[in-house]
Structures are given as C-alpha cells and as structure tokens.
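Q: The structure under discussion is supplied below as structure tokens; questions concerning it will follow.
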Amino acid sequence: MTTLVTKVPIGFLSLLLIITIATKAAAGNFYQDFEVTWGDNRAKIFNGGQLLTLSLDRASGSGFRSKNEYLFAKLDMQIKLVPGNSAGTVTTYYLSSLGGTHDEIDFEFLGNLSGDPYILHTNVFTQGRGNREQQFYLWFDPTADFHTYSILWNPHNIIFSVDGTPIREFKNLESRGVPFPKNQPMRLYSSLWNADDWATRGGLVKTDWAHAPFTASYRNFNAPPAQSWMGQSLDSTGLARIHWVQKNYMIYNYCTDLKRFPQGPPPECSLA
C-alpha cells in the first residue's frame, strides 16, 4: 500500500456506528436501503427490491436517496445508463450532506447524441466548495449493460472506481491546508433529470423529447463492512491503473486549466 500523507483519528464509537450502518446496508435491497424522493411514479422498484429504474419525461425527472447516513463508506452500485440519444440528460450518483457548507462526492453522467460517448463528470466538495472537476470518457458502452461505479471514502482518501478500476483519487491533505470531508455524514443520492442548458456541448444540443421517457437502471447496491476498507489506499497496481485511465480517457482536469486558475491551480494539484 502507498504511504499515507496524513491519518485522521476516528473514535471507537464512530467506528462502531460506521460498521453497524455499513453492515446493515450490505443486503442491497432497494425497498430496505433507499427511498424515492421525487418524480411521482417515475422511480420504480422491481424484482422484490433487486432492481430500481429512474425515468425522465418532459414533465419531470426522478430520484432516490439512501435511508442511512454514512460517515465514511465504501459504496458500489451497478448502473445501466440511458441508451440511444441521451443528449441533455444527466444521471447522477453521489454522496452529499446538507446545508450551505455541505460536503459532496460526485459521479455525474452527461448524456450525448447516439454514437457519441457519455462524459463521466466527477467532483469533490468540501465545506460548500467544489470546483474540482475531472471528466472522462469510458472504455465501454455504459448503456449496453450494467457496470459497477464505486466510491471509497475513508479518513485518508476518496477513490472513484469503475468496474474495480480506480479513475481518480482525492487525498486527505489537511496537514497541508487542504480541506477534506470528514465531519459531516452524507447520504447516497441518485437522480435522472433534464439539464439541456449545459449538459451536452455546453447546452448547444437540446433534449429530444421524441425519445422520452428516458430510463436508467440500478441493481446490486453493496456497502461492505468498514473493516475491509477503512484503511485502504492505492497500491502500485492501483496507481498504475489511474495513470492508464487518466492518460487515455481523461478529457478535463481542473488542475491543468490555466485559464480558470491564472494564478496557479489549487494546492492539492501539486501536493498530491
């Protein structure tokens, strides 16, 4: 395993709470673990709680959230994205707390015209501030089948993974003055909504409602017990995989956007 920059101590009671919550959530039943938050009947659960679908039409999108809150978590979800012409649509899968100084860890899937690739948009918010976007193409068609999207959030780092391949790491660099989310419990959210004012080519391509309703599908939610991931960081293999993904599939990195940050990129870009 790689040497950690810093370690944040965690109390026994907090650790016990995390283990209890994660173990309870590991069953992966949408009736037990989640609640529909908006969209009327556009969010539906099938197969005894094993499958959930979200849909979007001209009137509304839909969404759900976890019943549990997590203070650190390892969360896996299999998702099959909207097929065909998905331009203007956004499918989200993220952790978030509430309030103006909220923390957030984002997967967002930006739809596109048929034949053009989805854009996987990632971001990390700490104390209400984000602006840490990295975007990727995927090395497969995310609409043809289910693929596993994972968030690992422990006191040492945040790791985004796709089918077990890490694509991004955000380290805890608090000792170097970089805020890190560690105090606010977060729920897991997902939604499917219309964002054709910005989602596809900056809003140039609008949603074609002739293809509605648009549908995304979810299955096999998993939240393994904390003892299996609380101390986890990237080893040499994981670092090599991140390098491969970022070399071949990254299309935007805030750390290299000199127009956006003319005085230099945020400190975590050089410290990491």
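Cβ atoms are placed via backbone N, Cα and C, with glycine included.
In TrEMBL, annotation is done automatically, which means it is predicted and not curated.
As annotated in TrEMBL:
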ACT_SITE  GLU108  active site, proton donor
DOMAIN    24-218  domain 'GH16'
CARBOHYD  ASN112  N-linked glycosylation site
SIGNAL    1-27  signal peptide
Q: Count the other Cβ atoms sitting within 10 Å of the Cβ of ASN112 (N-linked glycosylation site), across every protein chain shown.
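A: Its Cβ shell of radius 10 Å holds 19 other Cβ atoms.
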Q: Under 8 Å Cβ to Cβ from GLU108 (active site, proton donor), same chain, six or more residues apart: give me those in sequence order, or none if nothing qualifies.
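A: Correct list: VAL90, THR91, THR92, TYR93, TYR94, LEU120, HIS121, THR122, ASN123.
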Q: I'd like to know the mean pLDDT over the domain 'GH16' (24-218).
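A: The average pLDDT of the model in the domain 'GH16' (24-218) works out to 96.
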